[in-house]
Structures are given as structure tokens and as C-alpha cells.
Amino acid sequence: DAVTVASHVRKDLDTLTAGEIESLRSAFLDIQQDHTYENIASFHGKPGLCQHEGHKVACCVHGMPTFPSWHRLYVEQVEEALLDHGSSVAVPYFDWISPIQKLPDLISKATYYNSREQRFDPNPFFSGKVAGEDAVTTRDPQPELFNNNYFYEQALYALEQDNFCDFEIQFEVLHNALHSWLGGHAKYSFSSLDYTAFDPVFFLHHANTDRLWAIWQELQRYRGLPYNEADCAINLMRKPLQPFQDKKLNPRNITNIYSRPADTFDYRNHFHYEYDTLELNHQTVPQLENLLKRRQEYGRVFAGFLIHNNGLSADVTVYVCVPSGPKGKNDCNHKAGVFSVLGGELEMPFTFDRLYKLQITDTIKQLGLKVNNAASYQLKVEIKAVPGTLLDPHILPDPSIIFEPGTKER
């Protein structure tokens, strides 16, 4: 499709120059001090600007196919504010697909050297004030966040999907893990749906989440499949998203005009931005598609979960149980995978319309089991809430075991 105007480029946070960082930080400090950022952050969680059955709820959309669209609008909202306040750069993205060695200085340092004033000042990206409460956001990075291929592996399976709704559920649940593992256990943290948007890292995270969607769109274009529209949930795609549709809450013209999910796909022409690259870990779209096809050649097994809201954030860990010792005894000490659920007191009720699939193939093979024989093992689920408390594993339906035969085995 012809691009009419893509007037700004979203860059990798790690590639910004010192001057670009200074400009971005100055603009962000402005929108913190005049409460613009707090007001935008209020769109997502607390205080609950939307209504559901007569109750205040968070406006953010989770657990449904319009999740990518809502958050594309949100990042665009922040980007417009930053550009209006003099930022020389668009919203950068925090690329967490590659294994994270350490958090970027922009978000991890409590202070920065203000070269204009020749002094150390508080870093506005380190935390954010929570609207309506005497609190600031905190982070408590967990060990799982660093030095592993989790995000890359999960991203590959999401990108493999050639149906928008199949892509969306894998994509959304993947994004939850960064919330959980960067936010940690505290109340006013990045891991709480109610408070996460007040943390400045939120829009950097969601710029990368949005870039992942843009990569999927390019893959779809390369595949000759729908990429600028959804081939599912058509009714939802026509319904404007709140509070972007509300001119009283959202005076921003562009996100108001394009508040229907169907209008968010064409981000270059409607929102006038593009990314510096749509490569994934230095792989072009054709290279990536070749890799995805190779990964589909051999059979894989998954634990399938029907996820719904529970009013809290949690990590869900899956273990494989195999017979051990006396009859009826099982050894369940074989961790097969983990995924995260993002929730909060004000979350809008949701139930995904299809199963989230967590791949457990490696563990099955390591145990010497056949991937196409689910009768030889069982699954055990452990659900741990963000504060660290164990929950009843039955708050989610028991998982299904799903075998997908390889393309070379059909």
C-alpha cells in the first residue's frame, strides 16, 4: 500500500543518541509536570474511566482481539504529547525480544546528569506518580527477566500464526510476562493492571509490543494473507474503543477519529509513524518466515488454557507428571513452561474465545516420552499471584494437551 505520510520513526531505545535522550527526557518531564501523562495513564487502569454493568472499570482492553488496537492508540496518544512538548524523537521501543542483559539506563537509573544545569536530577523515567493516590510506581525485576530466550521463543510462535485472533492471544499473553517479571510483587507496580500505565516504562514496552504486531503484519503481507484487517471478531473491529472515542476525555483528534479497531491496522497512513526496522533479532521478514516454516516441520505438543479474568496478576507454571514408584504415585517435578496473566481490581471482565497454547515439547522429549501420546503423562498447574501467594490452580480450567503434527509428518 502507498504510504502517504510517515512523518516520524520509532527507534530502538538502545540506539538513541545522547541528544535524542536529552530531548525525550525533557519532553517527558514536561508532560509529567503538567499532569498530561497522568491523565493519559488514567485511560488504562485506575481510577476506572469506563463502565461495565453500572460499575467503574478500567478502559484498557485485555483478553480479546482488540487488545493490540487499544494499546496502539495508547502509545500514539503518548507520542503526540511528547512531540507537542518538543521531543525530537518519536516514542522509542524497549526491545525485550533479545535476551535482556540489564535494563536500559534511561529507565533503571534513579538520577541523571543534567548537562544544561550541570547537576544530578531525578530521572523522570524511573517512576511515575499515580493519579488520585499518594503513591509512585515501583519495580522489582525478577530473575526470569534476564538472560533467557523466553520472549524470543514465545514471539516466534505468535508470529507463526496466520489468523489474526490466533496471533493475538499468543502475542498478548507473551506481553504479560514483561509486566510480571519487571514489576515484581509490589502494589503500585508494573505488574498490576490498575497501576502499570503510570510507570513510564509502560509506553516503551508497548511500543515494542506494537512493533511485534507490525512485524506480524509484514509477515502476513509476505504470505499474501490479510494484514491490514482482521479475519475474525469482525463485530468488535467496528466498535469504537473507549475512552478514545469520548471527546471530553480525549481531545486528541487523531486517536478520536481512528478509535475503531479496524482503523488502527494502517498505522503508517493513519498515525504517521513507522519503525526503524521490522526485523526480528536481525532477521528480515523472508528469513523469519523461512525459520517459522522450519519450526513447523516436526510435531509439537502444547498445554492449552482457556484464560479469563480473575481480578489479579499471576504467573502460571506447568509441570509434567509421570508415574513414579508405587502404583498411583506421580513425579511432578518436571517444569515445562510458564506464562503470565495481567489483572487488577478494576479489570474489565473477559474470557478469551480460544485456547492459549504453551509449548511443552522440550520437556516431553527430555523425559523420553512421545509427543503424540498424551496418555503417558499428566499436567500439574501452579498459580502464584504477584505478591507471591499460591492460588487455587482451579481458578483456571484444567489445561488440554494439544498435539500439532509437523508438516513433514502429515
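Note that the numbers count up from 1, one per residue, in the order the chain is shown.
Even glycines carry a Cβ here, placed using N, Cα and C.
Binding of Cu cation B is attributed by Swiss-Prot to His175, His179, and the same site annotation extends, among His85, His206, to His206. For the Cu cation A site, Swiss-Prot records His44, His55, and the single candidate of His35, His71 listed with them is His71. Within the same chain, residues at least 6 positions away in sequence whose Cβ sits under 8 Å from that of His179 (Cu cation B binding site) are Phe190, Ser191, Thr196, His205, Ser313, Ser340, Leu342.
Distance from the CA of Cys59 (disulfide bond) to the CA of His44 (Cu cation A binding site) is 6 Å. For the recorded site, His44 (Cu cation A binding site), the DSSP three-state label reads coil. Compute the center of the Cβ atoms of His175, His179, His206, which mark the site for Cu cation B; besides them, the chain residues with Cβ within 8 Å of that center are His71, Asn176, Leu178, Thr196, Phe202, His205, Thr209, Leu342.
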